[in-house]
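According to TrEMBL, the protein has these features:
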| type | residues | note |
| --- | --- | --- |
| DOMAIN | 49-332 | domain 'G-protein coupled receptors family 1 profile' |
| TRANSMEM | 38-59 | transmembrane segment |
| TRANSMEM | 71-96 | transmembrane segment |
| TRANSMEM | 102-127 | transmembrane segment |
| TRANSMEM | 148-168 | transmembrane segment |
| TRANSMEM | 198-216 | transmembrane segment |
| TRANSMEM | 276-294 | transmembrane segment |
| TRANSMEM | 314-334 | transmembrane segment |
Amino acid sequence: MQHLFNLQTLDDIWGLPSSPASWYTPYSLGFQVSLTSFLMLELVLGFSSNLTVLVLYFSQSNLVDSVSNMVTVNLHVLDVAVCVLCLPITLVIVLLPPGPNLALLCCFHEACVTFASISTAINILVISLDRYDISVRPANRLLTTHRATLLLAAVWVTSVAVFFIPFLEVQWSTWRNQTLLCVGGQDYHTGLGMHFHLILQVPIFFTTVAVMLFTYSRILRALNIRIGSHMKKVTSDTGAVTAMPTTSVQASVSAIIALRRAVRRHRDRRERQRRVFKMSLIIITTFLGCWAPLSVTNMLILGIGPSEALVSLRLWFLALAYGTTVSHPLLYAFTRQKLRRALRAKVKKRVVSLLQVDPSPGGTIIHNSWVENRKSSRQVRLEASKGTDRCLAEVL
């Protein structure tokens with residue numbers, strides 16, 4: 001019985017020639033060296049940074065104690081999977097010369113690209129919804145721990161399911177003269193072909209972008225409303241101080257101190273608002289910058305058909321999309337105070353152990369000032385803010 005994904009079957013279905021002489025020359029040396037170097041850099045940085053985040057999260061149980069941390073950890077697990085599974089396959093596609101044995105590998109590569117694209121978009125969408133939920137309605141959250149667990153399970157089921165779409169396209173295909181997107185050459189056809197995996201990636205990307213724009217705009221609006229209501233309270237307190245009799249010196253001093261504290265809290269909230277706006281802009285811009293070029297290229301392939309130039313350009317844009325494996329730890333993990341504290345504690349413990357001269361009880365320990373946990377007065381004031389405002393800033 002013939003194997004399900006036999007190479008000969010793939011070659012026949014896709015209309016690929018069986019003679020190595022009819023295959024085309026590989027990518028140019030400059031193309032291979034530059035793209036391989038870029039992919040290797042992303043592989044090392046993405047894998048190490050995401051693995052560091054996961055080690056920090058799971059080494060301390062109090063870090064994975066909320067829905068927001070759950071969905072963030074899920075994103076980093078996905079990024080590790082992309083670094084381990086998808087990036088190496090793309091490297092092989094770039095380096096190997098075209099040949100008959102590349103048919104199955106091309107199909108597997110398209111499956112990995114579909115998995116990375118759709119699963120990343122869905123995970124970013126879930127994180128955006130979680131931040132909207134915790135910021136707009138913190139007292140009555142819809143995304144509870146149980147619902148978040150079910151939602152993340154559905155995300156992984158969907159991600160695994162879309163992985164098999166390119167293989168199903170090969171099996172379901174009844175057309176001839178189809179072409180694989182990772183094989184360039186003169187025999188590209190302009191027909192749509194079996195590119196359902198591309199059709200699926202485009203609307204999911206634009207849906208995620210629309211959800212991100214909506215949720216982060218509402219988060220900024222919610223923070224602005226809270227600041228506005230607080231300013232009304234400050235104004236009313238100022239009016240009350242003005243109306244107080246001048247003979248009550250003690251009451252006037254207390255009211256002035258309270259007013260100064262209220263103004264200071266308002267200033268801290270305005271600083272949070274600027275930080276939230278900045279982080280929201282960076283998050284949305286990063287997602288657009290990394291995945292929009294690939295989505296536009298997919299649309300061009302669907303519209304005018306694949307060509308050698310488009311396939312080569314698609315590989316570069318795919319490498320750019322893999323850059324999110326490096327940016328996600330910076331945007332979603334190391335912006336959290338708890339994780340930064342855990343990282344500082346690990347570094348401090350490691351540095352102190354290296355600087356310790358005598359481990360005996362009476363031994364001398366060399367202290368280094370940069371590992372001391374010092375807090376400025378402004379940091380103390382920021383940490384003294386109320387829980388609602390912390391929710392708005394901490395998730396970003």
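The backbone N, Cα and C atoms fix where each Cβ goes, and this holds for glycine too.
Keep in mind that TrEMBL annotations are predicted by a computer and have not been checked by a curator.
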So what's near the transmembrane segment (148-168) in sequence-distant terms, Cβ-Cβ under 8 Å and 6+ beyond its ends?
5, 67, 70-71, 74, 78, 107, 110-112, 114-115, 118-119, 122-123, 126, 130, 196-197, 200
Leading contact stretch, 38-59, 198-216, 314-334 vs the transmembrane segment (71-96) - CB distance under 8 Å:
38-59
Going through 38-59, 198-216, 276-294, 314-334 one by one, which has the most CB pairs that fall under 8 Å from the transmembrane segment (102-127)?
198-216
Tell me whether the transmembrane segment (314-334) sits in contact with the transmembrane segment (38-59), defined here as at least 3 Cβ pairs under 8 Å among residues 6 or more apart in sequence.
yes
Residue list, the transmembrane segment (276-294) vs rest of chain: Cβ under 8 Å, 6 or more residues beyond ends.
117, 120-121, 124, 205, 208-209, 212-213, 216, 219-220, 223, 314, 317-318, 320-321, 323-324, 327, 331, 335, 392-393, 396
For the transmembrane segment (198-216), find every same-chain residue at least 6 residues outside the stretch whose CB is under 8 Å from a CB in it, and list them.
114, 117-118, 121-122, 124-125, 128-129, 131-132, 162, 165, 280, 283-284, 287-288, 291-292, 295, 298-299, 301-302
Taking all residues of the domain 'G-protein coupled receptors family 1 profile' (49-332) together, what is their mean pLDDT?
80
